[in-house]
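Working notes, structure below.
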Ligand code: ADP
């Protein structure tokens, strides 16, 4: 008699034992259904044991096994590792794996109709139209055929009755077409070829190997990792490849580029998928039939059968860090997954994260470099504009230098891009009469004025209200005034400067869907926009050949706040934005407005001295023992009242275990000390690199009992310091 220990996608401490009925085949990794309390649930078999003679427990039986290949051992190990490292329940991590439930079942089917070739002599015009449609479109549902022929579905039915059409059941979720084209690297430059060959050799050899593909924007990193993908797919006809990209970069253009190179579209995975697309990608991945999956961070938790290569493109991008639920960093977890799968991993970036550079320098990652853009394209000249010496006119945000550059670029028939990482019209609204700064209710955050919608919006919680006519505090009429610039305000200034120019805004307000995003990108690429004004959404991977001027409106805004990576992030963002210019034959120019041109990040940026910049960052972090030279974790608590949060902070602080080398700071009010009516406090924990900080945090949380409405969450290596 066998016992199956089943892990459920729930925050339970461990897998539970079930009896395996005679004749049922389960193995470690089988996806099964079993009763938990009164409810039947889906789980995964974590272990299979033989029942001991003296085991008299009354075990419930496994109900059934899904017709899906068992989750392979490396994936199960990965789930356990990710849970332990990120201080989460294994069941919580499993829940991320099982995000497309329908994927466990075979594809749904539908009835389609095909012509049999028989034509009776009783053919009406409507019937002829349907038969023509069926011949042209191939097998289709009755509704679809009727729609194409412009007749009622009853006509289709009639054709079936007389034997002219034949019904057939087909699966609606079709397998992905298989990649067919593996050649294509002939056009590579010498430097691209060297890097590509190195990747090909590593993949031909096999085994875990991490690479840093370090190349300036537009140097052909994608072309180079295509070589690695081609090699992996060619080497074994069941090998699978995962490409992780920031969500925002997952555009149709990127998918089309994969399709053009490999002769088949990759399987996509991102938040914009429909349920049907999601279960299709999941099922095809689990069955090993999706050879290339391209997705956002959560694609790392797809159940690949034979994962041989992971690419993390734009590896420095902070969107790889998941902040809610199970907090994890997809790049760091990706390296671990590659290790467990015995696979290669390529981290690609023009501005690698400091962590990644340190790993490369220590020899843990092999570094491949691309130093030039192919052909005539070259990096733009970067100039700093000192706003103290070259100030904008009162009430404006563009310096005379940047304004002049916009005018001459427009007159030359070329495109400009202005970057400002602030949505809306003005980031702050104050009352001229009483000085009140308008805040979001129950949240320590200012409201942003949006002119297009005429609303005041909290960017932290999404709460909004129509802009009031009078100050809500003092009641003064027409006294509310937007302070500071947002993209809408800069657009207004550009429209005055260049009345003939076609100006558009690119932010999460104007690009709310994939379709809208594509629309803006296509119009820009097609030359239908003269000046594009965007938030950080513009920084990611787009190619605009006629773009020759990039202006950064306020380079200093990202440097504020208590974030240890603020300088690094600003550097990365600004050099990515600047790198958008001059991607084809025309030279590009980037103008960066700042009040602090003496700041090391700005000096390095203007000089194109990335490594010099990283060296300064590195020294500071090494000195302070901050990541990656030491470890850090955060513990954030929230509660509905000040009394309760104070009590929770005291209890939590008192429960902190003693750990060699571990320092606990706090509790202190979190920088956002009130969010949606909940008061928030934070502990920061640091330790030397050789301390297992995950284990320390787990031990701390284990013994902790907090009153019910208090919420607590741990974050290993935090990126957000709110
Ligand atoms: P990166 O990923 O480094 O930003 P891409 O791979 O996207 O760079 O390449 C930038 C542009 O240059 C793309 O349009 C690409 O097709 C083109 N390109 C890259 N390498 C070559 C080459 N060897 N010959 C011609 N065009 C190239």
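Positions of Cβ are set from backbone N, Cα and C atoms, glycine also.
Note: TrEMBL annotation is automatic and uncurated.
Summarising the annotation, TrEMBL assigns Zn(2+) 1 binding site to 431, 434, 471, 474. In this view, residue 434 (Zn(2+) 1 binding site) is surrounded by 12 other Cβ atoms within 10 Å of its Cβ, with every protein chain counted.
When secondary structure is read from DSSP and collapsed to three states, residue 458 (Zn(2+) 2 binding site) falls in the coil class. Under the heading Zn(2+) 2 binding site, TrEMBL lists 458.
Taken from TrEMBL, the feature domain 'Helicase ATP-binding' applies to 202-370.
Comparing residue 474 (Zn(2+) 1 binding site) with residue 458 (Zn(2+) 2 binding site), their Cα atoms are 21 Å apart once rounded. Taking the mean position of the Cβ atoms of 431, 434, 471, 474 as the Zn(2+) 1 site, the remaining same-chain residues with a Cβ inside 8 Å of that point are 432, 433, 435, 436, 472, 473, 475, 476, 479. On a Cα basis, residue 458 (Zn(2+) 2 binding site) lies 17 Å away from residue 471 (Zn(2+) 1 binding site). Taking a C-beta cut-off of under 8 angstroms and a sequence separation of 6 or more, residue 458 (Zn(2+) 2 binding site) has the following same-chain neighbours: 440, 443, 445, 447, 448, 464. Around residue 474 (Zn(2+) 1 binding site), a 10 Å sphere centred on its CB holds 12 further CB atoms from the protein chains shown.
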